[in-house]
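Notes to accompany the following structure.
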Amino acid sequence: MKSCGVSLATAAAAAAAFGDEEKKMAAGKASGESEEASPSLTAEEREALGGLDSRLFGFVRFHEDGARTKALLGKAVRCYESLILKAEGKVESDFFCQLGHFNLLLEDYPKALSAYQRYYSLQSDYWKNAAFLYGLGLVYFHYNAFQWAIKAFQEVLYVDPSFCRAKEIHLRLGLMFKVNTDYESSLKHFQLALVDCNPCTLSNAEIQFHIAHLYETQRKYHSAKEAYEQLLQTENLSAQVKATVLQQLGWMHHTVDLLGDKTTKESYAIQYLQKSLEADPNSGQSWYFLGRCYSSIGKVQDAFISYRQSIDKSEASADTWCSIGVLYQQQNQPMDALQAYICAVQLDHGHAAAWMDLGTLYESCNQPQDAIKCYLNATRSKSCSNTSALAARIKYLQAQLCNLPQGSLQNKTKLLPSIEEAWSLPIPAELTSRQGAMNTAQQNTSDNWSGGPAVSHPPVQQQAHSWCLTPQKLQHLEQLRANRNNLNPAQKLMLEQLESQFVLMQQHQMRQTGAAQVRSTGILNGPIADSSLPTNSVSGQQPQLALTRVPSVSQPAVRPACPGQPLANGPFSAGHIPCSTPRTLGSTDTILIGNNHITGSGSNGNVPYLQRNALILPHNRTNLTSSAEEPWKNQLSNSTQNLGKNGLSNSSILLDKCPPPRPPSSPYPPLPKDKLNPPTPSIYLENKRDAFFPPLHQFCTNPNNPVTVIRGLAGALKLDLGLFSTKTLVEANNEHMVEVRTQLLQPADENWDPTGTKKIWHCESNRSHTTIAKYAQYQASSFQESLREENEKRSHHKDYSDSESTSSDNSGRRRKGPFKTIKFGTNIDLSDDKKWKLQLHELTKLPAFVRVVSAGNLLSHVGHTILGMNTVQLYMKVPGSRTPGHQENNNFCSVNINIGPGDCEWFVVPEGYWGVLNDFCEKNNLNFLMGSWWPNLEDLYEANVPVYRFIQRPGDLVWINAGTVHWVQAIGWCNNIAWNVGPLTACQYKLAVERYEWNKLQSVKSIVPMVHLSWNMARNIKVSDPKLFEMIKYCLLRTLKQCQTLREALIAAGKEIIWHGRTKEEPAHYCSICEVEVFDLLFVTNESNSQKTYIVHCQDCARKTSGNLENFVVLEQYKMEDLMQVYDQFTLVSKINLPLHYHPPHLDTVPWTLHMRPFLLFRK
């Protein structure tokens, strides 16, 4: 197995191959053949290349003394390519892996990707090579193919948790999850990067900045403010980081109402921005923000000076010019305002804020035709946030024009030039002093499409250049492009001319600025129903993150970049999302991390995982730089001496038999459309004997049945459901804690965005807390409000048809929003047998296989409490309360009983289709495991996913089988109780272990400690199922070997192992950093051990914080002799020797269509 790139055997094979080639060449020359000499490598060069692979990306210098390394890599690439060409590609797969590494270090990304893909196609166990996966991830990261970069990086950490560049991986995962709006995952990876003491291309201060900005992006402004202020206390903080932090704090105080009253906020904002400018006087962004602050408090002259400074610092943008326009408009200088707005829209043709402000300006000057044109341009922008209001305004103005007397507009004197005439007007003369000088100085700079000024600003009276395209010509250009394949020769010629002019215009535009500017959308107070001017319609746009940005590389694209969508009232970092593709950075957005740049490509968000034709990917070459000072060769050689460094993971309980886990593909062949709404398996009970009939257990646990509804259970067993009623709960424990989810009331089979304009997967569900008494009051008031509404409807005395019409109309209005907000009381813990003695005792009436505690329930053998899994949880609902889509923790089965009085509607998808739903979540930027999502049924049916749909009535028990995906919505007012169970079956154990490994790959904590549970099962349970026995035995063997190997290595390294043992009902342990399960050998800091707090680390995280473990003690919980004894005594037993009190079910013995007894009825 290999993980560090190229093995010694491969290097030797390469040396031999090059030697053979040299001999053949010499023989050829001796025989008089004339052929061009191929490059060859000396023994010293081959030895030097042996230590170069993807792990050095960002850490090797290619200038000064490193120029020799760069030349060596270039020579190696030529040698390898020559050898592969002569061998017609028939070389060892590792040759391609090496070639990929060399090209990656040279930042020749297309060649690197091509070589990596060839290696992938030839090497079946490619996943064992961590350096290959890391290099592949870096290439995908460069191309903004974040979905695939995330997969590659996750697999690196899975196969080698101690990978020497784990900190780099966590940093990039944090950035990518931030872009994908998976903020919880982003924060976790940033924190994992922060605790790692290994070198990284960003400093810890810069990582802390990303964490603070992540809070700001989530609108957690107080947390963000605290994090920023704490960062300012850091010793030796660089001027760049300090300036950026102060800039963020200033802008937050200007835009966030939660941070105080307006006067105080603006005062602090100005102070922070002034301090930021002291640290970095050349930040045009800070000057712009300062101008916005001055403008908001009426200091017009100061605002104007700040805007001018912003332009002088080469960072003038559409936002700056738009703000200048607003300033002029407020001062009743319409001509100057017009010129500034025109500059803004020339810089950014899709700047909705500028177009809308320009429209209001024309309206105020009574020029409705020009206003309509501006509003239409605003609606065409992807950044426009109020298209419907603009459409209504356009319609209103058009109606006004129709009612005007003919010719009245032509005879009227215009206060402003038309939009066509204004397009070539100069900017105000007083702003051209510095900018004009810069124009001359930058004539010879490289062309670059960015968010800076996109048009020249000539002196007054200067004519527009011939290549300056008018809005009409730009629109014509877009039309010709859209019909490129159907143009006649004359139209093709016209298209070619317009594109040439457009490129020239871009080139001239780019010479106006020296830095790439990330543009963003303003949320403006645009015209709604009147023509009054907004006070400042360029609101909280998102400035660039100067901390890690560099000017983007030259790109020949002719399509202007579209403005980004704001995530928060602050500068963008990697969280900037473009409007082109949801998972890529904008085409002007560049993030520097060591040698690697995230450079916007604009069209590569859907790069396949292993694209066979690498030529379709763009090549954005960047300058080779470095930010590491350490001697990388010594670092790599030292890292391999440490236990677990750069080797395969020793914690997986599946890895020897299979590659890293991946979601299953959709079952084949696909189901026909008429089978996508299957009838739900339902069993009707008449008496207690029916409930305890053995085939019922077998039927429910049969993997062919993803769900079973047991009707009439409460009545058959005479369960007192009143014990779980709201009234009883309040009387029992009225101050008990309730988790509340605030949601939107929607139809059960639909999920709309808050505006009601489109169906989405994301399900709004915000968390808070209350008490049972307070939620009971809300539940009752909700019911009373509904009764009042019903009585009001009846008082209208409408007939049935009118009622039908009204209901239909209400449904239509409901879908258009806004939606009513409701509150769902969830995850109410009933585990305390003292508080809830009567309730828990009542549940002992249930059959053994659905009880909370039973010998045949795997979760009863965990040995400690797992809240909500081997304990009861209660749910208090009002109509519309949603449990979003999910699988149960570690794929265990679940039991859910409806207490009533209302019903619930369930949606269920079989386990085999969870990969399809995972794909849908990825496409919608949602985390399948941790996110809140509500599937769009239309999407599922189109993908041939079957959906079981049924109503759960009071007293009904719903059995969710292992791995089944489900989501639930309350129809009426009701309470539910639920818990998990683990049948003793091979299917249940297999799915639980697979999810345990998948969680590890996804950096998600497994609530069920499967290693700890497997050893307890071996101690407590006799197993007769050969498949189940084999899987448990293998898990024991793997963990036993891991413990023994680690123990021996620690002793050999001179590390003392201290006996600690275990107490009764002591929970399983998890790493406090990465949250993986830690079994037997616990790594605890010296301080934690002395304080007896025992904060546990896994070996990998312990070494990341302390390379030689000098700050840790190792505690042992089991004697190796005891573990070996348990392993030896765990044997397969025959069924005849099993204890009489427990009978394991058999798989596939009772198909659901079989009528086992008269009480078994099956219907939808």
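Any Cβ shown, glycine's included, is placed from N, Cα and C.
A TrEMBL annotation is a machine prediction, not a hand-curated record.
If you look up TrEMBL, you'll see 130-163 (among others) marked as repeat 'TPR'.
Positions annotated as repeat 'TPR' by TrEMBL: 318-351 (among others). The average per-residue pLDDT of the prediction over the repeat 'TPR' (318-351) is 91, rounded to a whole number.
Sequence annotations record features per position, and here TrEMBL assigns compositional bias 'Polar residues' to 437-449 (among others).
Annotated region 'Disordered' per TrEMBL: 437-457 (among others), in sequence order.
According to TrEMBL, the feature compositional bias 'Polar residues' maps to 626-653 (among others).
The region 'Disordered' annotation in TrEMBL covers 626-683 (among others).
Under DSSP, the residues of the compositional bias 'Pro residues' (658-671) split into helix, strand and coil as follows: 0 helix, 0 strand, 14 coil. Residues or ranges marked as compositional bias 'Pro residues' by TrEMBL: 658-671.
Look at TrEMBL and you will find 783-818 (among others) tagged as region 'Disordered'.
Residues or ranges marked as compositional bias 'Basic and acidic residues' by TrEMBL: 786-801.
Among the features that TrEMBL reports, domain 'JmjC' is placed at 835-998.
Broken down with DSSP, the repeat 'TPR' (130-163) shows 27 helix, 0 strand, 7 coil. Within its own chain, the compositional bias 'Pro residues' (658-671) is flanked in space by residues 125, 127, 154-155, 158-159, 912-916, 918-919, 943-946, 994, 997-998, 1001, which lie at least six positions past its ends and keep a Cβ under 8 Å from the stretch. According to DSSP, the secondary structure content of the repeat 'TPR' (318-351) in residues is 27 helix, 0 strand, 7 coil.
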